[in-house]
Every structure is written in C-alpha cells, then in structure tokens.
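Report on the structure given below.
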Amino acid sequence: MVAGEVPESTQCPSLTSLNTKDVVRRRHKRRSRQHQRFMARKALLQEQELLSTAPGPGLCLLPSPSQMPAVTEASDSRRQRPKARSGSNGLCSKKSVPREAPRPGPIKCVAIDCEMVGTGPQGRVSELARCSVVSYSGDVLYDKYIRPEMPIVDYRTRWSGITRQHMHKAIPFQVAQKEILKLLKGKVVVGHALHNDFQALKYVHPRSQTRDTTYVPNLLSQPSSLIRTRVSLKDLALNLLHKKIQVGHQGHSSVEDAMTAMELYQLVEVQWEQQVASSAQAPAEDRGPDSSTDVEQYMDDQYWPEDLTQSTGAETNGGPDRQEGEEGQGARSAPP
C-alpha cells in the first residue's frame, strides 16, 4: 500500500452515508410538498362544500385540479336534483290523479234477504221469520229461522216458504237481530227492496253503504242517474241473468234471493260505485229517495203473484179478506 493513500474500506462508508442522507432528505421534502398540496386541495374542496369529513387520508380520493370544475358542476346538479324530483315525481307530488271510484271489495260487501210472516190483526203486520246473508262470492254467512215477537197469524207459506215446523228450531228475534247486525255494520249491503228487510230488522243502515238492486235497470239504461225502478227480483234475474228464481209452490228462498241480488250488483258494480262517488258531492236535494224510508214499492203488484193481486180487490179500501186454503198460506194486504 502506498503511503498517504486512504484505505478504500474507510472511504466508502462515509460516501454511502452521505448519499443515504441526501436520499432521505429529498424523499422527505417530496412527501412534504405532496402533503402540502393535499392539504391545500382538501381545504379548497371543504371551503366549496364539495368534501365532507373523510374517514382518513388513505380513504379520501381527491380530484385533480383539472377535474375540479367538472366535480363542482356535477355536485351542483346533484344538489338541485332532489328539489326538482320533489315537485315533479308522482310519488311525492300532492296533485290529484284521476282514479276509479273505490269499490267495496269482497270482504266489505254482503247481500241480505228476509222472509216475513203476518202477525197482528188479520196478519197484516210483517215480522221477520227467516234471514239469509251471503258474501260477495256467494257463500252463505247466515241463514236462520227467527221467531217473531208477536204470535203468527199468517205464515204466508206460498211466498215466504215458512211453515209451523220451521218455528220449532227458530231463535228469538232479539238474538237474531244482534247476530245479523254484526254482519251488516261497516259493510256495503246489497239486496232487493232493502227498506223492507231493514224495517223487519228494526234497523237503519247508512245510505252510502246501501245498494238496492231496484236501481239496476236504471243504471244499465241511464248510467248518469240513480232512480228506483219498480220491477221484481224475479224479472231482473230472468232478463239480466237469464236464470229462473222463485219457481214452484214452496215459496221463496231467502238464500237464493240474496245470491241473485249480489249477482245483479256485480253486473253493474263499476258504474254504480262511480255514480255513488260522484253523487256524494251533489247537494242533498238533488239525491234520489232513500230506500230505507220508501214503503210504497214493497206492495207494488210486480212483487207478488198475479192471482194474489187480483184477489185483493181495492187495496185502498182497507185491504182484502184473507184467502182460504192450506194452513200457513194467505195473502198480505197493503198498508191502510
């Protein structure tokens, strides 16, 4: 080794350490500048309300300066979009949309028919002896014989189908009334000449929830009005449903009559409910008569066999004498 020459092993470590320090210093400066730019960009975005509190620097992706205007425009449109949607979207808008009239539906709709017998002087007072209630689909919900409060004078078997034997298993009127009203309350009640059934039940059903099938012919011919037509359930069933009811000599079946009334209602259900919805807004004086108070139609000759009406004579003179015949059969005279 030449004198004065520095050993190679001692010279290299010092150069290496210097280079390492420079590299670390330069990296630190580079990181500091990046951090400063990061913090400046973050502060700018927060000032423009484009950046909320982030979970951490590592999870926050910031746009480059060239992308910032586009982000700002997108954010502005994003903030304005809910306002436009709240005013125009159908789900949030309060503007009324034309809809069909609400329909009662199967659960809220029942049909009823009652059969009456004669009590009081000459059997001229009608009292409930059988009641049947069917559902919208025609299922029998109630069908029981009922013992009148007064002694029966005329069973009216030819039309009511009630005989003395039926009264052996009949239930008291008060019991039947409670059971039936539980089925009717809160529901749309369908029936033919319903004022007679409600009168026998000693009950007044809300007019808005009453569908009397005596209106059906008028709905089919003039959907814009509701005027009761004096036509029998038997004729309506034959002409509109093409079915025969109330045939034979065993009297009417309240179950059959209730089912027929429901079928007639379903025939014009849509038009009827639309008419009811529109008439609800009309003044009270423009509405038709209430089916719960009209008693004249009950004794109209179209509701009873011709031989009965012919034998009654002049109804306005106090009514006819009771027909002779089998026990339990007789004619019902008109009210004085």
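Glycine too: its Cβ is placed from the backbone N, Cα and C atoms.
The compositional bias 'Polar residues' annotation in Swiss-Prot covers 8-20.
The compositional bias 'Basic residues' annotation in Swiss-Prot covers 24-37.
Residues or ranges marked as compositional bias 'Low complexity' in Swiss-Prot: 56-65.
Taken together, the residues in the domain 'Exonuclease' (109-265) have a mean pLDDT of 93 on the 0 to 100 scale. Positions annotated as domain 'Exonuclease' by Swiss-Prot: 109-265.
Annotation comment: Swiss-Prot describes 1-37 (among others) as region 'Disordered'.
What Swiss-Prot lists as region 'Disordered' is 56-102 (among others).
Taken from Swiss-Prot, the feature region 'Disordered' covers 276-336 (among others).
Residues or ranges marked as motif 'Nucleolar localization signal' in Swiss-Prot: 25-33.
Under the heading motif 'Nuclear localization signal', Swiss-Prot lists 164-187. Shown for the motif 'Nuclear localization signal' (164-187): DSSP residue counts in helix, strand and coil, namely 18 helix, 2 strand, 4 coil.
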